Amino acid sequence: MKEGKDGFVRADQIDLKSLDEQLERHLSRALTLEKNKKKDEEDTTAVAIGGSASSSPVTLNGGGFVGKRKQRLEWEIDPSKLIIKTVLARGTFGTVHRGIYDGQDVAVKLLDWGEEGHRSEAEIVSLRADFAQEVAVWHKLDHPNVTKFIGATMGASGLQLQTESGPLAMPNNICCVVVEYLPGGALKSYLIKNRRRKLTFKIVVQLALDLARGLSYLHSQKIVHRDVKTENMLLDKTRTVKIADFGVARVEASNPNDMTGETGTLGYMAPEVLNGNPYNRKCDVYSFGICLWEIYCCDMPYPDLTFSEVTSAVVRQNLRPDIPRCCPSALAAVMKRCWDANPDKRPEMDEVVPMLESIDTTKGGGMIPNDQQQGCLCFRRKRGP
């Protein structure tokens, strides 16, 4: 496996499709073993010292039955140690629950492959591939601004949902990702709660720095997140931002032509992505610029425009969110550099970090609350470049 001149491993040489197929084989093997579990247990318990079926079963080191043991992958959890509790969030393809794993508070992302007839075979294959890719990316990451990955399971028995009437067994085709539980919830929800009163400038810069450091780390690991938005950022109890949801992340190709396709969320997507052009990690930098504006303003970009209007305006008219006049010039400069239409003119995330660190937050500069905005033209219904 060769590296490009910039040290980035080519995605086409890593072959994520092969990785997904490899994980699929592990899943198939696990399901086969599950089906044969009863037969294996009967075979092992029937073997006894002296050849009598009624004798004590053969043991090793006094520890248990002789039999086949499935060797777990390094990222696989033990389903028997997982308790799934209340729902935290619901999405198109699954739910996020609060839970306990091996005595630790966790968040559990559940995906149902949909073998019950609700989805087509192609959709199921796509979901499995997304799940495998997310696990492959996430389990190797270790940074204070990235949500800690604990483990996952791709279709296993033993999962139980705790209800008021007692434990409820989950279907065997349910797959899950287990990560640390972050009580602060999504950054987006935090911003919505502060939409009227806004955030102090010190908090704005702290949140932005957390996100910038997390993205800088991902890029140092040759990972492009591709869906950077405040909804995918979580807060711990100390209000530290941690990046989550690696469902569309992938290893960056040294050749941008190897990375194409409209991936991301409207309002945060870079022009080159919206236009279907090749892109690289700089698409994350663009999305960070939009997030930075959102953190400062506690508002949504382009709330009154449709998908087609945003796509056309961002690509053809250089549409960007209005920067309030009360925004300190140093922070506004970071926004403008990050969302530059030319990816080559955007800074690297490891450059953005010191830019934010150098901003003086001791003299205020936060967004003016809604009831004090007479002297600050903070928003217009029609946003321009």
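The first residue you see is number 1, and the count goes up from there.
Just so you know, glycine gets a Cβ as well, placed from its N, Cα and C.
Feature annotation from Swiss-Prot assigns active site, proton acceptor to D227. For L88, A89, R90, G91, T92, F93, G94, T95, V96, K109, the entry in Swiss-Prot reads ATP binding site, with the evidence type sequence analysis. According to Swiss-Prot, the feature domain 'Protein kinase' maps to 82-356.
Positions of the features from Swiss-Prot, shown on the structure.
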residue	record	contacts (Cβ under 8 Å, 6+ apart)
L88	ATP binding site	V96, H97, R98, A107
R90	ATP binding site	V96
G94	ATP binding site	K109, L110, L111, D112
Look up V96 (ATP binding site) in the DSSP assignment and reduce it to helix, strand or coil.
strand
Structural state of the residue listed as 'active site, proton acceptor', classified by DSSP into three states:
coil
Number of other Cβ atoms within 10 Å of the Cβ of V96 (ATP binding site) across all protein chains:
19
Within 10 angstroms of the C-beta of the residue listed as 'active site, proton acceptor', what count of other C-beta atoms is obtained when all protein chains are considered?
20
